[in-house]
Amino acid sequence: MPTVDEVLAHVGEFNFFQKQTFLLLALLSASFPPIYVGIVFLGLTPEHRCRSPGVAQLSRRCGWSPAEELNLTVPGPGPAGEAFPRQCLSYEVDWNRSGLDCVDPLAGLAANRSLLPLGPCGHGWVYDTPGSSIVTETRDPSGPRQFNLVCANSWMLDLVQAAVNVGFFVGSMGIGYIADRFGRKLCLLLTILINATSGVLMAVAPTYPWVLLFRLVQGLVSKAGWVIGYILMTEFVGLSYRRTVGIAYQVAFTVGLLVLAGAAYVLPHWRWLQFAVTLPNFCFLLYYWCVPESPRWLLSQNRHAEAMQVMRHISRKNGKATPAALQCLRPDEEVGEKLNPSFLDLVRTPQIRKHTLILMYNWFTGSVLYQGLIMHMGLAGSNVYLDFFYSALVEFPAALLIVITIDRIGRRYPWAGSNMVAGAACLASVFIPEDLQWLRVTVACLGRMGITMAYEMVCLVNAELYPTFIRNLGVLVCSSMCDIGGILTPFLVYRLTGIWQELPLVIFAAVGLVAGGLVLLLPETRGQTLPETIEEVENLRRYELTFPHVLLPTGSRPALGQEEGKMREDVDLTPHRESHSHRVRPESTEKEPESKKDIAGEHLLLSQCGGAL
């Protein structure tokens, strides 16, 4: 009875059908960046000052230039360390009074301007921008109030991005069940429809609460749709192409970043930009006729006739003959022994507990630094469009470096090094003067490349550090810290810059350097099969320390617990339900690059990234 992978070996593992499907789903991946990091442009905060009634009329009467009006009527920047008083405070002066002088209108009111009373902006703000954003949101006088997400209301902008990540967190929790229960294709189409509809409704939302609600809905379904597209694509290709297709799918995300920068430059008004990045999603509904259901999922639901029909469609598209054994198609893995993992299994034994804590911290770090560096660039960059474009470009060499290093150098050292590079780049940026803008951009791009590599490496390694029966649970728990970090990041960036512009970079540097050091405490997993038992995980680090220069090829690890002729006895490796940990796999008789379970675990992890690249 052949499996899907065995049939694909005859009808084509990556031929015309798979290439066509990949291109279609790659467009879906490229549409995700406007939701993931679109706040950089949708929530762009321009230079602003209090609107003072009468100032515009006085300026016209006196013939002031914009610079003269600013110098004569707006408070100065204030003492060092004080957060932008000229943006949030105004002179409590009646600018409509007739006795004001055009040379120095405030001279007759006080000997020194510092003695004049200051008050909050009671009549709104003036924004120095040719476009608009969620922050500014200009309206007609007869319409609803402006958003004005500045000064005392600036935290409301943080909440917009936090709502997206709350949606990511909640949506990811349910995506596994929904996709497994109702099918990949149906879930994909539903998430596309809800995402597109809520995106359009956000573009026409009349008030801030509606913007927040529709952004939350987009978060609930957009990452879920991205993950489903990833899973669907990897289930159509053969075993030897899955890693390559997975990386290419995330490279499409990087292409989306570049397109987003160009669209934001052409469309400086946030509502038009939101329309432009949302409306193409409706075209993805055409995938109902272009992308079939996953044959692997159909087999898991005992829908054999439909699975065989999909496989015949793939063979016709690829110009291959349908194998006669297709009638006996079976799932890739037979249902075997069932175990009921619990959260306690993630912290029950010393090595797995260490893995869990370090992986959770690195997921959190990857999200905070990746999103945080992008948001901080939007606040500090001289040209946010070019800086965003340049920093996105470095994600291409980051993906290439991952492909080159993971099978030659290993996972641990490139992972640790990329975290440290990101942290060091953040720290170096603090001390680079503003007049060396080219150097600041270069160092920022280096940091972006480092955290992109680190983010992708944690996706890859997480599955390799847990035994089979708790692998899915370990992935879910650890990767949830990614969305928790995303919820906190906007508050870290936007609130801390109000204290000191470079303070977020100092925090990012410390977090990244610590993450790099912690990675060195993990075992190297290059050349190792995915562990099946708790005992194997507990002995990973011990074997590496005993034989530091020995690289075990896949399937050739000696029976764990028997190195040096003795069994490890200082750790209770038995789960509280049954003695699963004492079941040792037979050694493989042939050397394969990756087993089916290796690939399945790796793809589960990569799907949790939600667009790390």
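Placement of Cβ uses the backbone N, Cα and C atoms for every residue, glycine included.
Listed in TrEMBL:
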COMPBIAS  563-578  compositional bias 'Basic and acidic residues'
COMPBIAS  584-601  compositional bias 'Basic and acidic residues'
DOMAIN    117-527  domain 'Major facilitator superfamily (MFS) profile'
REGION    555-602  region 'Disordered'
TRANSMEM  22-44  transmembrane segment
TRANSMEM  159-179  transmembrane segment
TRANSMEM  186-206  transmembrane segment
TRANSMEM  212-233  transmembrane segment
TRANSMEM  245-266  transmembrane segment
TRANSMEM  272-291  transmembrane segment
TRANSMEM  358-376  transmembrane segment
TRANSMEM  388-406  transmembrane segment
TRANSMEM  413-432  transmembrane segment
TRANSMEM  438-461  transmembrane segment
TRANSMEM  473-493  transmembrane segment
TRANSMEM  505-522  transmembrane segment
(request) Mind pulling out the one from 186-206, 212-233, 388-406, 413-432, 438-461 with the most Cβ pairs under 8 angstroms to the transmembrane segment (272-291)? (result) 186-206
(message) For the transmembrane segment (159-179), I need the partner stretch with the highest count of C-beta pairs below 8 angstroms, choosing only from 22-44, 212-233, 413-432, 473-493.
(response) 212-233
(message) Counting Cβ pairs closer than 8 Å, which of 22-44, 186-206, 358-376, 388-406, 438-461 has the most of them with the transmembrane segment (473-493)?
(response) 358-376
(request) Report, as numbers and ranges, which residues of the same chain sit near the transmembrane segment (388-406): CB under 8 Å and 6 or more residues beyond its ends. (result) 40-41, 247, 250-251, 254, 257-258, 260-262, 264, 373-374, 377-378, 381, 414, 441, 444-446, 448-450, 452-453, 456-457, 460, 526, 613
(request) Over the domain 'Major facilitator superfamily (MFS) profile' (117-527), work out the mean pLDDT and round it to an integer. (result) 87
